[in-house]
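These notes concern the structure reproduced below.
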Amino acid sequence: MTRIADVIKIMETWAPLAYQESYDNAGLLVGDAADAVKGILISLDTTEEVIDEAIAKGCNLVIAHHPIIFKGLKKINRTNYIGRTVVKAIQNNIAIYATHTNLDNVHNGVNFHIASRLGLQNIRVLSPKKQTLQKLVVFVPVEDTKVLLDALSSAGAGVIGNYSGCSFRVTGTGSFTPNETANPYIGQANQLEEVIENRIEVMFPTYLTGKVLAAMRQAHPYEEIAYYVTSLENENQEVGSGAIGTLAEPISETQFLQFLKDQMQTGCIRYTALRDKPIQKVAVCGGAGIFLLNDAIRAGADIFITSDVKYHEFFDADKRIVLADIGHYESEVFTKDLIFAHLSKKISNIAVNLSETTTNPVFYL
Ligand SMILES: [Zn+2]
């Protein structure tokens with residue numbers, strides 16, 4: 001039996017909740033994580049129509065990008081669309097899980113998906129996050145080094161980009177004197193002991209601190225472990241906002257805009273003055289991404305593609321870049337395919353369905 005908690009674990013191994021923005025509300029919004037999953041419906045938004053679709057398809061778990069509960073709710077009744085959706089979900093025993101800015105912010109998340117849909121190469125995070133990494137230094141007898149390194153690695157430490165098992169060690173002499181109440185692995189009470197030890201260094205994401213330290217305690221032979229944890233200022237290349245990449249060949253601005261319109265299936269692109277310069281470097285941010293405009297310019301992008309751009313914000317492009325607004329729904333609707341592909345790889349015993357409900361509240365004449 002697969003429980004909702006099992007699906008959440010798959011989702012959060014990919015897009016940890018720790019990577020959502022401070023204003024966000026991703027996670028299990030409605031329902032009981034202990035329930036068995038009968039079917040999964042993947043949608044961009046959760047609306048009443050999406051809950052109806054879940055009922056019709058025998059799904060009791062809706063996974064959406066946008067959290068239907070975003071700000072605090074003081075009343076849950078049928079007087080607005082949020083209340084109607086939540087009430088209907090609860091009445092029909094349907095859980096709602098949202099994977100929002102945490103999925104935007106991870107490598108292989110929303111923005112990488114948009115970038116690959118546009119055929120970009122060498123895709124990387126446009127604005128990498130800082131203060132998401134820590135370093136563990138721990139001292140261990142030489143003969144126990146491998147067991148400890150394996151345990152740290154299993155807990156998720158030592159991954160840098162496409163490399164795992166990354167660590168550094170140097171051998172030296174550790175010294176200690178156990179007192180009468182100690183129960184030392186090596187040595188005797190009140191006698192100074194010297195042991196050849198390795199000093200091991202590994203990096204890990206901050207959100208894994210508990211898991212990594214528990215693995216260290218489990219695998220280390222000493223009663224008292226000498227270790228320290230340091231916060232790193234390094235940019236985390238795997239986590240952050242937006243994505244940037246390059247087209248294999250430069251193409252003209254008008255050709256690219258037409259290609260963009262076709263690829264993202266949008267009815268309308270609003271864009272700033274063209275610069276008579278071919279497009280090759282492309283920055284993207286699904287949803288409202290104008291806060292990344294200067295990052296895109298600094299990174300040398302020829303065009304920045306996002307949505308929800310206001311009139312005065314278009315001026316900020318100032319001929320330094322082409323700024324293109326393709327619509328919020330259009331920029332993120334393919335997130336459904338991204339989640340579908342990920343879950344289909346990991347889950348085989350439960351039906352994973354793509355929602356067929358169009359939730360875009362905006363129409364174009
Ligand atoms: Zn959005």
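Our numbering is plain: 1 for the first residue shown, then up by one each step along the chain.
Positions of Cβ are set from backbone N, Cα and C atoms, glycine also.
Annotation note: His65 (divalent metal cation binding site) sits in a coil segment as assigned by DSSP. According to TrEMBL, the feature divalent metal cation binding site maps to His65, His66, Asp104, His328, Glu332.
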CB-centroid shell, 8 A cutoff, divalent metal cation site His65, His66, Asp104, His328, Glu332, site residues removed: Leu44, His100, Val110, Gly286, Gly287, Ser331, Thr335
Those binding-site residues listed as Asp104, Glu332, and which of them has the most Cβ atoms within 10 Å of its own Cβ: Asp104
CB within-chain contacts under 8 A for His66 (divalent metal cation binding site), separation at least 6: Leu44, Asp45, Thr46, Ala98, His100
Greatest C-beta neighbour count within 10 angstroms, which of the binding-site residues His65, His328: His65
